[in-house]
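Feature list (source: TrEMBL):
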TRANSMEM  A:20-41  transmembrane segment
TRANSMEM  A:62-83  transmembrane segment
TRANSMEM  A:95-121  transmembrane segment
TRANSMEM  A:128-149  transmembrane segment
TRANSMEM  A:185-210  transmembrane segment
TRANSMEM  A:222-243  transmembrane segment
TRANSMEM  A:293-316  transmembrane segment
TRANSMEM  A:328-347  transmembrane segment
TRANSMEM  A:377-397  transmembrane segment
REGION    A:408-439  region 'Disordered'
COMPBIAS  A:410-424  compositional bias 'Basic and acidic residues'
Amino acid sequence: MESDASEVLDLARLQFALTAGGHFLFVALTLGLVTVVACLQTKATFGGGELDARLVRFWGQLYVVNYAVGIVTGIVMEFQFGLSWSGLTHHAGNVLGATLAVETIVAFFVESTFLGLWIFGWNRMGRWAHLAAIWIVTLTAYASAYWILVSNGFLNNPVGHRVEDGRVVLADPAAVLTNPSALLAFGHVLAGALLTAGFFMAAVSAYHLFRRTPEWVFFGRSLRVGVFLAFPAAVVTAVLGGLQMASIAVLQPVKSAVFRHDTAELARLQAELTARFGPGDYIPSEAWTRGGALVMLIAFALMLYLTLAGFVLAFFRNAVFRFRVWHVALIAAVPLPYLAMIGGWVFREAGRQPWVVYGLLRTEDAVSDLSPAAMRFSLVVFTTLFAALVVLNAWLLGRHARRGPGDVALGRDERADADTDPRDGPPVGPADALPAPRY
Amino acid sequence: MPSVETLAVALLGFYATGYFVLAGADIGTGMVAPYLGRTDRERRLVIASFAPFLLGNEVWLVATAGVFVGCFPVLEGELLTGQFAVVVPLLAGWVVRDAGLWLRGRVTGRAGRGWRAGCDGAVVCGSWTVALAWGWLLAGVLGGTPGRVATGAVAVVTSVAVAALFAAHGLGFAAARLTGPPYERARRLVGRTRAGGSFALTAVLMAAVPVAAGTALPLAGAAADGATLGLLVPALLVVTPLLVAVQAGTWWVFRHRVTGPSYL
C-alpha cells in the first residue's frame, strides 16, 4: 500500500497549501486594513469632521466584508492540524499545541468578541468605548499573527525544546517566543499586510478618481493615505526580508542554496544530511522554492518603483486628481502584494521540505493515517468552498468599492431604518442623509 | 490543590460548555429561521436576534479546539483523524452557515432578493449540518469509539436527538430575544413558560452534552507534558475570567429584545 500512503501525503499537502494559502490572502488585507481603520477612527474621534467619519465607515465596511470571509477560512485551518497532520500533534504537540492554544484564547477570542462589539455597537456605545474596541481588535489581530508565526517559526527553526522518547518537550519557553525565525517573519508579514492595504486603498481611490465620480475629495484623501502608507511599508518589508535571507543562510542552508541555485553546495549538503539522518532526498523542490522566491522578488521590485514614484506624485494635488496613467497603474497593481505574499510564503514553506519540523520530523511521518478516498473527499469539499469564498469576496469587495461611500451599511443608525427597510423598497438612498454618526 | 491535569480538563470542559450553550443558541435559531421568519424582512430580524453575539459565540469552539490541542495534543489528533468523516461536514456546514450570515445583507435592493434567499438557504442548511454532525460525533464519543465514526441506528437516533435539542434551544433563545410575528411563532412552539424559562432548561441540557462527552473521552493520562501544562494552564486560568467578563459585557450591551434589523 506504498502508493496509497504517498497519494494521501500529496493530497494532504495540496489541501493544506490551498487552505493556508487561501486563508493568507484574506489575512494580508485584514491585518493592514484594520490598522488603517483604527487610525482613521482615532482621527475622527479626536474632533475630526464629517469626512473622517465617512472614511471610517467606508473602509471599515470593506474591512468587515474581507474579515468575515477570512474568518471562516481560518476556522478550517485550525482543524487541519488534527485532521490531516495528527503526526505533527503527536510528535510536536507539546510546543505547537501550546502556541496554537494561546493564539486562540489570548488573541483570537478577544479579537472576535470586540469586533462584534465594534460592528454592532456603532450607535449604541460611547464614541471612546467604540474607538477602544477597534484598537483592541487591531492589537489582538497583531498578537494573533505573532502567535501563529511563533508556531510556524518553530516548524522552520525548532528551538527551546528537547526530544524525549521521540517526542518534543518544551525546555526553554523564552527561546520559543523569541525565535528569530518567528520575530523576523512577524515584522515582515505585518509590514507586508500594511503594504497590501496601502495598495488596496490606492487602487479603489484611483478607480473613483479615474472615473471622475462625485466623491473626489473623499478619494483624493484616501489615495494619499494609501500611497503614503505603502512606501514606508514597502521599505520595512524589504529590510526585514533581507534580514530573513541572511538568517536563512545560517538556519536553513538547504533552502538558501536552492534559492541561489548553488549545485555544488547542494551536493555537499545532501551528503552531509544523508550522513546525519540516513538515506533520503533532502533537497526541496527547486521549482517551488526558487519559483516562489522569484515571484516575490519581481512583484516586490515592481511595487517598490511604483510606491517610490507614488510617494513623490502624491504631494502634487494635480497628479492626485488628474494623472490618469498613474490611476490606471494603481488599479492594475492590486494583485502585486498578493503575488508577493503568496510567493514568499511558498518559498518559506516549500523550501523547508522534506521536513515539517526542520531536522526533527519529516512531512511524510506527520500525515494522518487516512484513506486516499477520505483525503480526496475533504480536498474537494474544502477547495470548492474556498474557491467560492475567494470569488465571492473579490466580487463583493469590488461591488462595495465601486459603489463608494454613499451606500455603506456599516455604522448606519439602525433606529433610523427600523420602520422603513430600504431592502424592500427602491434602491438605498445615500447613508449621509441619515443622522450623522456620533463623532 | 487540584493537579494541573485536572485543571486542564476543567478548562476544556468550560470552553466546550460555553460553545454548546452560547453558539448552540444561534445555530438553533438558524435551524428554525424559515419557520420564524416568513418574509425577507422577518428573517433579517431573526438573524438580528443573535448577530452581535455570533462572533463571540463561535469563538468558544475555536478556544475549545485550542485548549484541546494545547493540553491534549495527541488525543486531539487521534479524535479528529478518527472522526474525519464527521468533522469535515461539520466544518463545511460551519463555513457555509457563516458565509450565508455575513454575506446576506451585503447585496441590497431588488436585485439582491435572489442573493438573500440563497444566503438564507445556506444559513439553514449549514445550521442543520452542524447540529447533525455534532450529534453524529457525540454518538461516536459516547459510544466509546472516539477513534471510529459511529454507524447504525444509534448514530441516526443520537444525531436527530442532538439536532432537536439545538433547535429547541434556538427557539427558546428566539422567544427571549425577538418581537413581532417571529416572536409570536417562537412563543407558540415554546409554550407558555415564563420568558427565558425554556431557554434556561435547554441551556442546562446543552451544557450536559459536552460534560457527558468529556467523561467518555480518555482524557486522564492523555495530557501534554508537564513543562507545557505548567505554563499553559495558569496562563489560560488568568485570562479566562477576563474573557468571560468581556463577553458578559457584550450580552449586557445588546440585552434588549430586537425590534429592527442590524448590520447582517
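Keep in mind that glycine also has a Cβ here, set from the backbone N, Cα and C atoms.
As a quick check, the transmembrane segment (A:328-347) and the transmembrane segment (A:185-210) clear the bar of 3 or more Cβ pairs under 8 A, pairs 6 or more apart, so the two touch.
The stretch from A:62-83, A:95-121, A:222-243 with the most CB pairs below 8 A to the transmembrane segment (A:377-397) is A:62-83. Counted over residue pairs 6 or more apart, the CB atoms of the transmembrane segment (A:20-41) and the transmembrane segment (A:95-121) come under 8 Å in fewer than three pairs, which marks the two as apart. The stretch in closest packing with the transmembrane segment (A:95-121), judged by the count of Cβ pairs under 8 Å and taken from A:62-83, A:128-149, A:222-243, is A:128-149. Outside the transmembrane segment (A:128-149), and at least 6 residues removed from its termini, the chain residues within Cβ reach (under 8 Å) are 27, 30-31, 34-35, 37-38, 41-42, 45, 99-100, 102-103, 106-108, 110-111, 114-115, 117-118, 121-122, 182-183, 185-186, 189-190, 193.
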